[in-house]
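As recorded in Swiss-Prot, the features of this protein are as follows:
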- 163, 337, 366, 367, 388: (2R)-2-phosphoglycerate binding site (BINDING)
- 205: active site, proton donor (ACT_SITE)
- 242, 285, 312: Mg(2+) binding site (BINDING)
- 337: active site, proton acceptor (ACT_SITE)
């Protein structure tokens, strides 16, 4: 009944207008699972490989026909007839077939598309929502959203060196209320930026990209918008940063182009500690460069007890890198991006390892997204309590929020909004 009878890959467009892979997995009983694969702009050097064609005459070299051919040919040949319920076996078969440590031969974009589509097909066969199929009966926690409302770094054409300034509505009683809170602050911020003469166009992830000189200036605007929208910063709403520090780490130092300043490893740690002391910041992602291991340790020792320190480029959803971080006291949280590792099985293993070690986990989108809302279900399935999926604009971002609204409604009285309990610093 759940045997795989067809796997169909195709090239579609992501939210940046670049090609990406979409996969349909068809089962013997007629059930179909569909998954579209996201793509990142600021990518970690240790991520699984996204296979691109490299033909400059077609999509400027960004086509994914080779990955699609692998889906329709090699992967279907290997998986046809296999039971879609056997997720671990399916994923392991693809990993072994690829034969490289980073999925570089077949491509993580091909492998992930099949992996997620197979799980969705199996869920459909049982007439179960994906969050229930993957997470079982205990999957009922709606995550606190990290809403990226100001963009900088490689996500924007402005002087701000940090990539994302986010709000977290931790004081809301439900996910629906949290979403409303975020939306009201987002629109209030737009008005405040406009009033101050700033551009209010949105970036890749739906946040504003004003021409501000520093992180302090961006944080001040966000704080003002929270208050003007009728909420209390530090109680109803907390702040979060994604520094994406790898992007401005050069020759052993942190080079702030927008501020025309260079900070040493220790100065970087102290600067972030100072921001945490002056603003209600409860989470900092990639505050140090991906390979600055001493910097990560210094930052964790300095503020790890009072702030969530999320490893994105540091861990790349990889259990080997995560285990090393846990052992050596680097960071205290992991960002979970399905396409960084390339299979559902490995994604779930990373969340499990983090939770067992007392690390938090944050389910995350990429800057190049689609209308696929799988990560919303996975956030609930894993009870991770936090999701990072952009701003309150652009359909590729709101698709995930809308799916979480549906899940909360479906769970009814059993639904639980993570709120302040999602963050150890607020418990």
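Each Cβ is built from the backbone N, Cα and C atoms, and glycine gets one as well.
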Please name which of the recorded positions listed here, 205, 242, 285, 312, is nearest in space to residue 367 ((2R)-2-phosphoglycerate binding site), Cα against Cα.
205
For residue 337 ((2R)-2-phosphoglycerate binding site), which of these recorded positions sit within 10 Å, Cα to Cα: 205, 242, 285, 312?
312
Nearest to residue 366 ((2R)-2-phosphoglycerate binding site) by Cα distance: which of the recorded positions 205, 242, 285, 312 is it?
205
Which residues, in sequence order, are found in the same chain with Cβ within 8 Å of the centroid defined by the Cβ atoms of 242, 285, 312 at the Mg(2+) site, excluding those residues themselves?
163, 164, 241, 243, 244, 284, 286, 310, 313, 335, 388
Could you tell me the C-alpha distance between residue 205 (active site, proton donor) and residue 388 ((2R)-2-phosphoglycerate binding site) in angstrom, no decimals?
10
In angstrom units, rounded to an integer, how far apart are the Cα atoms of residue 163 ((2R)-2-phosphoglycerate binding site) and residue 285 (Mg(2+) binding site)?
10
Give the number of CB atoms, excluding that of residue 388 ((2R)-2-phosphoglycerate binding site) itself, located within 10 Å of its CB.
30
Secondary-structure category, per DSSP, in which residue 285 (Mg(2+) binding site) falls:
strand
